[in-house]
Structures are given as structure tokens and as C-alpha cells.
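Trainee: Have a look at the structure that comes next, please.
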Amino acid sequence: MRSRKYGNCRKYGNKSYNTGPLAGFRVQPRHPACPLPCLDPTSLPAPWRREAAVCRCKPRWSRAPPLTLSHLSPLPPAPAATVQAPAWIQGFLGDTVTLPCYLPLEADMRVTQVTWMRQEPAGGARNVAVFHSTRGASVSEPGRLEFVAARPGAELWNASLAVSGLRAEDEANYTCQFATFPQGSRSARTWLRVLAQPQNMVEPREVLLAQQPREPEETVAVARCVSTGGRPPGQITWFSHLNGTASESQEPGPQPGTTTVISLFALVPSSQADGQNITCRVEHESQREPALLPVTLPCADPPEVSISGYDDNWYLGRSKAALTCDVRSNPEPTGYNWSTTTGPLPPSAVAQGRQLQITKVDESVNTTFICLVTNSLGTGRGELPVLVREARPGEQPGSGMSVTNTVLVLVFGGVLGFILLGILLYLRRRCSRSRTDHSSASANGAVSYRSVASEDSSPQTDTRR
């Protein structure tokens, strides 16, 4: 005889055997909705009916042993519906965040009340929002806490709670609890994380190269990176090829619960660091990528001053002499001041910025000149002694003749001597020519007389034809 209880297995398995209503059929073991051989889905509990409807009993063409009553066991209880809520959720300071919470309703289940509780830092839980199925909502902070979808008289399955004007103290564990009848209470917990995005900036710090550290290897801060108002605090690191070190400090941020992080990059001062680039890197949970902030290092110092323009050729009466104040300064100079070691400038000296014009050199210029240069970091000083001579170099005092005049006199004297020598040679040549002409005339009949010394008293006459 075929059992009526298992008659519906025939249409699922499409095969029946004379040996018994379940003979030749075996349950698909991988499907959780088929713990027993194929049964009429209407005989199963309500939660299992839909899953049992898709269960199929596979025929075995080999004969199976008959199923006895000892193989049958009672159906396990249906799994209870659980509250669905995220393990954690985050929001930004001052914004609005929603805490999701849902309960899938079951047959013959009625939700009477939903309660949100917050875990206090000191311990224990405190009710912050309650929604009754008939009396409605009751919250600890009206205007900040609000149920998103719950309405009196409606099915209470969505207990999501919105928190506006998010504050740092709102960060806590929240428990969403459903009171159901007749099943009892069911709950889930969510961690609310409150963030605050920081404001990041980097700036260089002026390094005084002239003021060397006390120790040779003592470092000086050359750059400052600040992450302001972060929650949690920002994490700052430095990238540089320079051999520097970083130090960090924290202080309360502009809003309650926030933190400002200050990081200083320090190194041993040197001119090699001037104009070099370093990068401040700030990481924070609110940023998708780290913030990279580059900065150029300026190595500033007070002015380094020297004076030029004196050529050791300043003599009494010289005009148009000048001194120049040469400056190496970072930042740029803001002022120049000329003076002397004896007091104010001489009457013939006129200051024109970085230059000092001397209209005429006199005895008052025979002093030490001072140039003071100022920038935003300090003042630099340069000195130059000036020696005024009575005469030009190479000229004897009181002679009134300089080397140049002496040279001119010598040149003029040489030219004049050459001219006189030429004149003498010309006159001598002319006299020689005149004698030659006179001798020629005597040979043509002229008589010349020559006196000859003699002991005789009577003169002698020499006659030549």
C-alpha cells in the first residue's frame, strides 16, 4: 500500500516504487532546506516552505533499503531573525550621520518598542532614543536625534536613527534593541566613529647662518609643518635628501575633541641647505591620499658688509672720489647708515644709499668710514680707514712738480736739445762749405799772407803766383 503521507513525493521525484512510497528516492544533501526525504511543503513550518518548494528528490535507479520509522527525526526549529546593523560607521564633526538598524519580520511577530542605548565611557549604558509602537518617539536630545522611518501605528521594522550636529562625545558604541512579542528582545551593536578633517600647512623657518649653534653638531629647525584640528590627530612625516631630524608636539585643536600636530624639521645649519626643497607628508583617515606639502628652505642671516672704492690714491685736492658699501644679505637690506669713527661724516662727504660721494678730498676725509646695513634679522657693520696724502704718489711734497710734469719736462728738453744739435750741425756744415770756396779763389790769382814767427826783425814776404 502506498502511504498517503508521502504521496506528494511522487510529483517531485517523478518515480514511485511498489516497495514503498520513499523507496528509490534520496535527499540532495547539499541543500539545507532538505534535511529529510521529500515531504509535502505544506507540512513544513512557514519559514521553510519556500526553500522546500525548490528541493528535488533525485531517483536512484539502484534499489535503496526501505526507510523505517527509526530514520525519521523531528524537524529542527526555524532560525530566529536577527537584527541587521553595521559593525561600525563613521561621520564628520558637525555633519549628520544615520545609524542603520533593521529587523526582518516573521510570521506572528509583533514589535512593540525599539530602544537605542549608548555605552558610556565610565561604564554602563544609557538610553538615548526610544520608539513605542503606539506612543511614538522619545529622545534625549530633540532636534539632534530623530528616527528616520519609524511611525506610530506602522510596522516597526526600520529603527534607523539620525544624529545631526555630530560632536566628539557622540563617538561610542550604540545598541539597537527590538522588543518583540512573543519572541522577546533582539539587538545589534554599532560603533560610531567621529572624524574631523585637519587643515594642513607647511612653512620655512629662517636660519641664521651667522649665529652658529653652541655645539658643532647642534641642529636648528628650518621648516614647520602643522596639521590643525584633526580627529584623530594627523600623522606627519618628512621627505628630504638632507640629513635632518623631526620633532613633534601636540596641542588642543580649535574644536573640542580635535588635536593640532606640529612637526619641526631640524638640521645643522649650512649654506648647502639654502634653496633646497623638502616635503611634509600628512596622513589622516579622512583623506583618500596623503597630503604632500613641499617647501623651499631659505638660510637667512644678518647683513655681511664690506666697503670698497679706496685705491690708496686719495690726495689733497682730489675730486670725485667715492666709497661703496658691499652687502651680502638675506633678506634684502632695509637701510644704510654712513658715519665715521670720530662721529658724523665730513662736510665734503655725501651719503647716497649704499654709496658715499666725496666732492673734494681734504684733511677731514683722513678718517675711518663706517657703513651700517640693517635687514629684518639684524645689522651688519663694515669699516674702511682712508689715508689722505699731501700730494699725488711720486710727487715730492712742496716741489710743485709731479712725476707726470717731470716726464713732460724731460721730453720737452730732449726735443729742444735735438733741435739745437741740428742747428749746430747745420751751422758747422755751412762754415765748412765757406772755407772750401775761399781756398778755390786763392788758387786763381789771389794772394794770401801768412805771418811766420822769426828771430829776424825784418819781415819776410812770400809771394805766390
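In case you wondered, yes, glycine gets a Cβ from its N, Cα and C as well.
I grabbed these lines from TrEMBL:
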DOMAIN    79-177  domain 'Ig-like'
DOMAIN    198-296  domain 'Ig-like'
DOMAIN    303-387  domain 'Ig-like'
TRANSMEM  407-427  transmembrane segment
REGION    436-465  region 'Disordered'
COMPBIAS  454-465  compositional bias 'Polar residues'
Trainee: When the domain 'Ig-like' (303-387) is classified with DSSP, how many of its residues are helical, how many are strand and how many are coil?
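Mentor: The composition, in the requested order, is 3 helix, 52 strand, 30 coil.
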Trainee: Could you tell me the mean pLDDT over the domain 'Ig-like' (198-296), as a whole number?
Mentor: 88
Trainee: Across the domain 'Ig-like' (79-177), what are the DSSP residue counts per state (helix, strand, coil)?
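Mentor: Going by DSSP assignments, the domain 'Ig-like' (79-177) contains 3 helix, 46 strand, 50 coil.
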Trainee: Per DSSP, what is the helix/strand/coil residue tally across the domain 'Ig-like' (198-296)?
Mentor: 3 helix, 53 strand, 43 coil
